[in-house]
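Engineer: Here's the feature list from TrEMBL:
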TRANSMEM  6-28  transmembrane segment
REGION    86-106  region 'Disordered'
BINDING   Glu133, Asp174, Leu176, Asp177  Mg(2+) binding site
Amino acid sequence: MAPMGIRLSPLGVAVFCLLGLGVLYHLYSGFLAGRFSLFGLGGELGGGAAGPAAVADAGTVDLREMLAVSVLAAVRGGDEVRRVRESNVLHEKSKGKTREGAEDKMTSGDVLSNRKMFYLLKTAFPSVQINTEEHVDANDKEVILWDHKIPEDILKEITTPKEVPAESVTVWIDPLDATQEYTEDLRKYVTTMVCVAVNGKPVLGVIHKPFSEYT
């Protein structure tokens, strides 16, 4: 049997070369785009996943500070809850139905407490995820500064720093629990609450009673 061979025509060679140039162009342009995006974000150049991780690094959170701010947030929210209730202007409305079929109510106390609690926590820990039961209006933003002082009672209980990665922390707030009772002026049932989880595990909890001012 005669030996077999493959011969490319000049057109085939040209097409093959153009395809090769196209592949090289896309690879190189993607490489440059990645480099320029890291440069624009202020990140350091590196290989593998180290670059994006370095850009996304948000530092650490001392859980003693987180507890201090959580207590302060619950108290500040409680102040709004109490002020609205004592003004007797609740602006009550329904958000729909609960799973049990009852009216899910919302008042000015819920809204103002939510704003105070959310933005106090967000200002103190901007890189921490904060979830809340109520809607957060970005147009109604409030910057509430914290003096970074940890109360003595917390320092006595937790004597050394307890630092965790900021990205592992999630905060849950309930700006007004027992809204139905709140509208009926059953004040002893009303609370503001904060829960802090690290890697999905609850580690801190704050419950504040606005009308007895007990935390």
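Sequential numbering from 1, following the chain as shown.
Note: Cβ is positioned from N, Cα and C throughout, glycine not excepted.
What you are looking at is a predicted structure, and each value in this text was computed from that prediction instead of being measured.
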Engineer: Counting across all protein chains present, how many other Cβ atoms fall within 10 Å of the Cβ of Leu176 (Mg(2+) binding site)?
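Structural biologist: I get 30 for this one.
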Engineer: Sort the residues of the region 'Disordered' (86-106) into helix, strand and coil with DSSP and give the three counts.
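Structural biologist: Per-class counts: 2 helix, 9 strand, 10 coil.
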Engineer: Counting every protein chain present, what is the number of Cβ atoms, excluding its own, within 10 Å of the Cβ of Asp174 (Mg(2+) binding site)?
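Structural biologist: The answer is 22.
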Engineer: Determine which residues of this chain, when Glu133, Asp174, Leu176, Asp177 are set aside, have a Cβ within 8 Å of the centroid of the Mg(2+) site's Cβ atoms, and list them as they appear in the sequence.
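Structural biologist: Residues close to the Mg(2+) site, other than Glu133, Asp174, Leu176, Asp177: Asp110, Glu134, Ile173, Pro175, Ala178, Thr179, Thr191, Thr192, Met193.
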